[in-house]
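Reading through the structure tokens given below for one structure.
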Amino acid sequence: MAIRATSHYTHDELTDKEFEELKNGCLKARNLSYSPYSNFRVGCALLTDGNELFLGANLENASYPAAICAERTAISNARMNGHNTIKAMAIASDSDKPISPCGVCRQFIREFGLKIPIFMFDKLGNTFIKMYLEDLLPFSFGPDDLGVITTSSASNQ
């Protein structure tokens, strides 16, 4: 598997308007986080191929394994509204530096394709790093490994 030759500091896949919408969306979603145990708020925004924006925030639970991350909340939100394809995602926390999706979220995103750009922002939205899911999760296991071709994975392989 070859690492995609790309700049980690551009947003060529999106218009300026789409990029700002994603950035502002993940910062807004972070404020909706329910994180009384870790106090580590995370917000996610995803843009569908139809240019619809969906937000998600981490939701913690006293039974820690029952918590759900912002990325999975955003994807669930989009899916429950009839969307299967992800054009791009953005995440932000209260960290001074950009954060990346956890391993479980990387695998969850994988269900919807490999070539999804993920924009990881600092707490102010001033600094970001872009990576594609295929670079964050190399040699991944996905629907195609089980002989299943989904609408989203076929369009985003």
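Glycine too: its Cβ is placed from the backbone N, Cα and C atoms.
With a 10 A radius on its CB, GLU71 (active site, proton donor) counts 26 other CB atoms from all the protein chains. The active site, proton donor annotation in TrEMBL covers GLU71.
Per TrEMBL, substrate binding site is recorded for ASN58, LEU59, GLU60, ASN61, ALA62, SER63, TYR64. A sphere of 10 angstroms centred on the C-beta of ASN58 (substrate binding site) encloses 27 other C-beta atoms.
The annotation Zn(2+) binding site is assigned in TrEMBL to CYS69, CYS102, CYS105. Within 10 Å of the C-beta of CYS69 (Zn(2+) binding site) there are 21 other C-beta atoms, taking all protein chains into account.
Residues or ranges marked as domain 'CMP/dCMP-type deaminase' by TrEMBL: 17-144. When averaged over the domain 'CMP/dCMP-type deaminase' (17-144), pLDDT in the model lands at 96.
Highest local Cβ density among the binding-site residues LEU59, ALA62, CYS102, CYS105 belongs to CYS105, counted as other Cβ atoms within 10 Å over all protein chains shown. The Cβ neighbour count for GLU60 (substrate binding site), using a 10 Å radius and every protein chain shown, is 19. Between the CA atoms of ASN61 (substrate binding site) and CYS69 (Zn(2+) binding site) there is a gap of 11 Å. Checked against ASN58 (substrate binding site) by C-alpha proximity, the recorded positions CYS69, GLU71, CYS102 yield CYS69 as the nearest. The Cβ of TYR64 (substrate binding site) lies under 8 Å from the Cβ of TYR37, each on the same chain and at least six residues away in sequence. Summary: among the binding-site residues (ASN61, SER63), the fewest other C-beta atoms within 10 A of the C-beta are counted at SER63.
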